[in-house]
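Since the structure comes first, as structure tokens, the remarks are kept for the end.
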């Protein structure tokens, strides 16, 4: 029989012989996939190994590789010389890749809170990290909306704005009335005239600018949400191996460019947390319950849903009756703080009821922490979106038809107060409520211990606030700026509270699919409900007669109709008229667009199911294939050698 060293030399000779006919790129890829040390791979790429670097056969192989590479490079050079188009395309492709990589590096370098997010992920895992990633994602949305509004609405209005004669008292910061009423903050301050400086200056139609800017913001948000959902859906459901390659990838992959001591420790902590999450999820998926346990658990789930649904209905009824009598209450009470009653009650409900829902975990006891978060998210979204729906009904039916002087500004003030009150309650809960829960768990009732970060409740606070911003952007164009400031403060407040008052999740679990679910909830029912509300406002309600850019029109949409009628008389703009009448204003176009979206969704779901079936089949044969791979290769070498 041959010795191990001799068999190894034969294997290397066959490997080198198989690499000779390959291209340089394929050869490098094949050597990289070999189960060898880095030193052996370097020597293989040069044509030999460290122990036999003077061997004549290796030298010939090395020479052969160089000759093959030279011949192939000459042929490629001739082809490129004959085909200039290929050269141009290759140059453009290389320039595009370089610019894309450079842009990606620049964006990563200026990305907010990178180090802080790594620390959070290393200590608390990807589940808690998903909340902070979602908060940063919403911040980017509001930055874009503010830049667009400021550029096309606020700056033009500044050029024709009159001086504000009202006195600022400071109470306006809480109520949103008084001094702020005559500023660019609210709808009623904007002019309805065409802005033009000088007789020869370009004109600026404020009506079109206002409605097109708001429409551009919402359209961009719509496609960004669709794109983000498709991206996260592809990465986490269709191609989950991109981000979660399993425990093997976590153990045997290390970034050797990390050399700083703190960075190394942080990387080790992140890897250990991810390994615990993978192992915990595998163990939980394999757990099985008896029939009696399943029946008991199902009954508990049903009772919890009955109680939570009843609480939601009661809270919605309370908000409805309070909103119905809110206008009469404000007329009979001259106290400036009276306008804070409705926002105060709504914020109390939004703070107390989700905490009550979180206590259900003590009874339901879900095996998978992900399922617990999903259920809490669904319960909270039903509560908050129902309350927002009741408030929208109150604004569009009571406030808009009340005959007030400028009902659009009144709605903007209501939304500002709701957003501000929700922010104050969230800060109070972060610095006071969570601190008290920590003191109770550590000093009074030690069996409770440190609390865990409530992902569902905190995420729904973000979705609720963003829904209010989207609804109010038409009535209060500066809301994205206010939301930017609030999100920026909230990130640091939640980060400080997280490090001081919470412990890592007791059950480690991967949250790679959480962002997909968060964005789905943000899109439906949040964003779709906003679109319905604004569509009713623009197409069905009459603007105020004495304020705002649409004063004097029967409906808001009539500004678009008048513009289209004007363009139809100009031959150079008939293509715009055709696009509006056959695409934007056509029901059939949106029907076809909806059908295409449904078909794409169906195809994505089919890909997910097929992908899971393929992965299950591959998992059955993976162990057997890996264990017999080396044995088959050695056997083929010995059979090909007559001395074996």
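For all residues, glycine too, the Cβ spot is worked out from N, Cα and C.
TrEMBL labels come from automatic prediction, so no person has curated them.
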Which listed span TrEMBL calls transmembrane segment, if the choices are 246-268, 269-291, 338-360: 338-360
Range annotated as transmembrane segment - as stated in TrEMBL, picked from 372-396, 397-421, 422-446: 372-396
For the transmembrane segment (513-536): best-contacting stretch of 137-158, 208-227, 372-396, 467-493, by Cβ pairs under 8 Å: 372-396
Any contact, the transmembrane segment (467-493) to the transmembrane segment (208-227), with at least 3 Cβ pairs under 8 A: yes
Chain residues outside the transmembrane segment (338-360) and at least six past its termini with a C-beta under 8 angstroms from it: 174-175, 177, 304, 307-308, 311-312, 315, 318-319, 322-323, 326, 329-330, 376, 379-380, 383-384, 387, 391, 413-414, 417-418, 420-422, 424-426, 429, 454, 456-457, 460-461, 464
Mean per-residue pLDDT computed across the domain 'TMC' (406-512): 87
